[in-house]
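Asker: Quick one: this structure, given as structure tokens, is what I'll be asking you about.
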């Protein structure tokens with residue numbers, strides 16, 4: 001498996017801008033050259049490249065990428081070229097504007113709120129307002145029905161303390177509150193939503209551990225036992241993004257691979273052409 005490595009000596013933004021412009025010129029787009037530049041630069045470097053490209057060529061780099069690239073590859077490169085906060089704001093807006101409001105679309109909002117830093121969440125909310133002239137909360141209220149709406153609004157409105165601070169007595173007390181709400185299947189309970197949206201991740205991890213120690217099952221197991229609706233799925237993602245984000249994203253990748261395998265098999269059937277698939 002190939003690995004992209006950032007060069008020890010990074011070219012200047014004008015040099016990178018020139019390479020990108022050359023990649024756009026001619027009969028075909030040099031996609032490998034685009035990857036070599038944008039795929040080997042961090043967010044700060046990509047931002048400088050976009051600014052320099054605009055200054056030199058009086059063109060938007062994003063617009064050039066959009067006109068030269070297509071399909072999933074084009075969408076992926078364009079998303080990568082955005083600043084992280086703008087990228088996530090656009091992903092959130094796409095999820096909210098999609099016709100289907102299932103877990104696949106809405107979980108991106110949970111990922112932004114629970115699997116990134118509070119500073120990043122604040123930057124995403126600011127970028128969302130600048131891009132769409134509405135707050136993220138407004139669009140959640142306009143596009144998502146209760147009770148999921150209530151959970152998502154509280155999550156994206158939060159600004160968690162980001163240092164390691166744990167009070168074991170609070171962890172035990174709030175484990176009881178969470179268990180009572182889940183036991184009665186009152187998953188949009190005010191106290192449950194407040195705890196999951198306000199407490200810092202270290203405090204919540206301690207609470208989740210108390211929950212398992214006291215009741216014999218993990219909190220996500222008990223949430224899933226409540227049913228298979230969108231609210232249960234959203235809360236499971238909340239718990240996983242807080243407690244073990246790597247577990248959540250591993251599942252997302254696995255699902256994507258399975259869908260890709262299914263698509264390839266369907267293609268194989270429709271074309272009667274054998275396709276080898278390895279995982």
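The first residue you see is number 1, and the count goes up from there.
Every residue gets a Cβ built from N, Cα and C, even glycine.
Just so it is clear, the model here is predicted, and its values are computed rather than measured.
Residues annotated as Ca(2+) binding site in TrEMBL: 24, 26, 28, 68.
Buried or exposed, and what's around them? Tell me for each listed feature.
Answerer: Within 10 Å of the C-beta of residue 26 (Ca(2+) binding site) we count 8 further C-beta atoms, all protein chains included.
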Asker: To test your reading of the Ca(2+) site: which residues beyond 24, 26, 28, 68, same chain only, put their Cβ within 8 Å of the Cβ centroid of those residues?
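Answerer: My list of surrounding residues reads 23, 25, 27, 29, 30.
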